[in-house]
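Reading through the structure tokens given below for one structure.
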């Protein structure tokens, strides 16, 4: 299977969830073996240089997965666009933006899916590399845990836990095996969520300034405040899976393995990636010259190119 990039550049505007700033974002094709990179067009000189994404650049995970370089350049809330790039198997792309944060759009990855559909996807000449998990790797901290285990495909199982009436009405656990289920159908529409009291607290600290009922599920003491309700009965845990897929794709390759988590979040997801990369016996980078040898979870990627 070959690496892929966008067929053309494409742009969108939106608002940063935490900054409230208007953001212009453009996705560009990129050369093979270049990976996913970001560039802040509002910064000059070294501060405006291209940033090659790696797990070691995620240095702020308080409210999202945020790049913070050694020069102090920030690119925040990258997990939703990374999740969409993962769904399309995009290996190489340059993402330019004129603000410190990726726009939140509607709080899901669906607008970025539409953006990628409009741009189109093309195969390149180099072979796509996959990160294959060879042995279990687990991180536990403060009552939370995440782990990778070997698996011939890509499967995600997450459980959330909130002591709140809204969450008691839906299953706290969701599992998706991408050999038989579609990311676009099952995950892409799930929106970020937050509690009304947290929104008020964040705004007091100049955070969450761009959040509203059009780009997040907002919950009060008893109910969802969004008049349209939920997009899935278990939208909350599905969004956590959306986030996790984006966080994991920061490693730069599709993952062949199973990911499980209990009360997972950006910090612990990133810690798991770093733990895997720190143990050379835990993974291998593999290629599939013959697409028939691909695990079933990745066969759908073959139909998402425009030649």
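Each residue, glycine too, has its Cβ placed from N, Cα and C.
The Zn(2+) site recorded in Swiss-Prot comprises 239, 243 together with one of 80, 164, 299, namely 80.
For the Zn(2+) site, the Cβ centre of 80, 239, 243 serves as reference, and the other residues of the chain with Cβ at most 8 Å from it are 79, 83, 107, 108, 109, 190, 191, 192, 240, 241, 242, 246. Here the candidates are the binding-site residues 80, 239, 243, and by Cα distance the one nearest residue 266 (active site, proton donor) turns out to be 243. The C-beta environment of residue 243 (Zn(2+) binding site), restricted to residues of the same chain at least 6 apart in sequence and closer than 8 Å, consists of 79, 80, 83, 192, 266, 269.
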